[in-house]
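Okay, structure first, notes after.
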Amino acid sequence: MFFSTLVISCVVSFVSASAIMLIKAIFRRQLTAKWHYNLWFLLMLALTLPFIPKDLFDAGMFFTVFEGGLHHEAGFSATDAGSPAPGGAHWLEDFSISVNRSTPPILQTVTTAAWCVGAFIFAILLMQSWQKIKRLRSTCHRVRDRAVLELLEHCKQHLHIKRDLIVLESPLATSPMMFGLFRTYLVLPAHFTEWLSIDEIKYIFLHELNHLKKRDHITNYCIVAFQLIYWYNPLVWLAFRKMRLDREIACDTAVLQSLDDHCHVEYGNTIINFADRASRSINFSLASQLVSPKGHIKTRIEMIVSFQAESKRLRLKSVAVFMLTGVFIISQIPFVSAMARDDQRYSFHSERTIYEDLSAYFSGHEGAFVLYDTQADQYRIYNERKSTWRVSPDSTYKIYSALIGLEAGVISAERSEVEWNGVTYPYDAWNQNQNLSTALKYSVNWYFETMESRIDPSRLHGYVQQINYGNADLSGGPEPFWLESSLKISPVEQVQLLQAFYENRFGFQGKHIRTVKDAIKLEEKDGALLSGKTGTGTVNQKNANGWFIGYVETSGNTYFFATNIQSEDHANGSTAAEITLSILRDKGIYP
């Protein structure tokens with residue numbers, strides 16, 4: 001999950017930073033200083049998008065999911081395919097196709113490790129910056145000069161500010177700086193009253209109070225946090241460097257608007273006087289300083305010299321540009337939410353649940369077993385954590401694909417045959433025309449792919465949402481969305497969905513439900529009827545995911561079950577079915 005978040009954050013940060021810098025360049029003369037600065041907050045919004053909880057948005061069917069690597073061409077795997085099942089149960093034969101992934105797990109691991117190392121290094125730099133502030137704070141003492149404090153209050157009233165600002169002075173301070181999350185401090189160089197005029201102190205107060213009014217010191221903490229997260233993206237660092245300059249220019253503009261024209265030169269000279277005192281670490285500092293890096297001083301002075309009052313028309317243009325840019329940033333939300341969705345875990349709560357240890361049945365496999373007893377209205381679950389973990393449904397989805405095909409009218413119980421597409425597959429049973437019954441019996445992928453291609457994507461997505469199938473993400477990719485791709489479901493959800501299917505809580509036509517029920521019947525023993533579907537997820541020729549889901553109908557009860565197993569190379573539907581049958585036999589449910 002982290003790898004996909006890292007990928008999408010990289011894409012979004014690059015696109016958003018580039019777009020905003022381009023927009024600022026194009027509309028440079030249509031933006032006021034304030035709105036030049038405000039545009040950067042849209043970048044901060046964009047950088048937050050990859051971490052927004054997925055359930056706030058629903059965009060699952062439009063974009064490719066990067067989780068687990070990029071999908072490419074499909075290959076065939078005959079591993080365990082066609083091997084006869086114990087007892088001659090033909091339905092236990094496993095038909096699977098391998099999905100090849102071009103992004104190996106080692107690349108994900110290396111990428112994640114590299115990000116962690118970089119973040120750790122920058123976290124150390126951040127701690128050093130914090131230690132410098134703590135050391136500076138320890139040398140500070142409050143300013144007691146009555147004239148200075150009265151001037152501060154006068155400036156606060158002039159700017160309509162009621163928030164407290166604690167003014168300190170320190171021998172370690174080389175220029176005015178402001179910091180503090182809950183209590184805000186303004187630190188001035190020691191003995192500043194001896195070499196600064198009262199007017200220069202006034203200009204400093206007006207400048208810093210404007211920062212306080214706009215909470216720029218809080219914004220600075222956010223900037224540093226984003227720089228730590230996006231340390232690998234030089235565009236983000238460049239963007240925030242420009243944002244800091246725009247912040248100072250916006251603040252300078254606000255000060256100039258509150259001063260008489262003849263004071264503008266004096267204000268500029270005050271900034272120049274502190275130019276040599278700029279901190280070298282200003283681009284990764286937790287404190288906001290009066291002066292910018294020396295490269296920015298020239299830009300600020302040029303603005304002060306050429307300052308003109310901003311017209312109402314210019315302000316309206318600025319708002320329009322800001323809104324258009326905002327639309328662009330917001331338009332990335334579906335893209336981001338589809339790729340950074342965090343829906344791997346199903347939230348399950350039931351007071352009528354018994355958790356039991358069935359690990360002896362799962363030798364060599366990670367897995368979960370879920371059983372629902374209709375008569376007792378009770379769940380029996382092995383492996384609570386895995387039972388709610390969503391994974392690809394693989395061929396078990398075909399139960400609902402068949403149902404949706406019937407409901408959408410692309411096939412019917414009487415006319416369900418689809419002509420073979422001519423592609424030669426490793427299974428003879430696949431290389432011929434298929435109907436619904438044979439397609440489910442032999443788990444024929446091309447049949448269901450062809451059928452669903454005849455359904456409008458938005459309509460198909462609507463059906464999947466209607467039946468509440470797992471994460472309902474059909475974004476897929478080159479492979480089917482249900483084959484080790486975007487669609488995911490947990491064992492608990494499989495059982496709940498089977499019960500809803502069995503009782504037709506979907507509101508579908510009854511004859512369609514009956515048709516699928518007939519197609520998934522497997523065998524009958526001693527008056528107990530077993531129905532279900534296996535599924536195997538084969539990745540890079542290795543069987544990594546195995547399913548067996550279904551239900552057992554007896555004379556007085558119906559039991560719904562789902563078994564999922566996972567391993568490096570030996571997890572398939574046949575094995576999941578064998579595990580399930582052993583459990584059901586020992587529980588006296590199915591002989």
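Each residue, glycine too, has its Cβ placed from N, Cα and C.
It should be emphasised that the depicted structure is a prediction, and the values quoted were computed from it without experimental measurement.
TrEMBL lists 11-304 with the feature domain 'Peptidase M56'.
Per-residue pLDDT, averaged over the domain 'Penicillin-binding protein transpeptidase' (374-584), rounds to 94. According to TrEMBL, the domain 'Penicillin-binding protein transpeptidase' annotation covers 374-584.
Within its own chain, the transmembrane segment (6-23) has Cβ neighbours under 8 Å at 39-40, 42-43, 46-47, 49-50, 66, 111-112, 115, 229-230, 232-233, 235-236, 238-239, 242, 321, 325, 328-329, 332, 335-336, 339-340, counting only residues six or more beyond its boundaries. TrEMBL lists 6-23 (among others) with the feature transmembrane segment.
According to TrEMBL, the transmembrane segment annotation covers 35-52 (among others). With a threshold of 8 Å between CB atoms, the same-chain residues lying at least 6 positions outside the transmembrane segment (35-52) that come near it are 5, 8-9, 12-13, 16-17, 20, 23-24, 222-223, 226, 229-230, 236, 239-240, 242-243, 246-247, 249-250, 315, 318-319, 321-322, 325-326, 329, 332-333, 336-337, 339-340.
According to TrEMBL, the transmembrane segment annotation covers 106-127 (among others).
Taken from TrEMBL, the feature transmembrane segment applies to 166-186 (among others).
Summarising the annotation, TrEMBL assigns transmembrane segment to 218-240 (among others).
The transmembrane segment annotation in TrEMBL covers 319-340 (among others).
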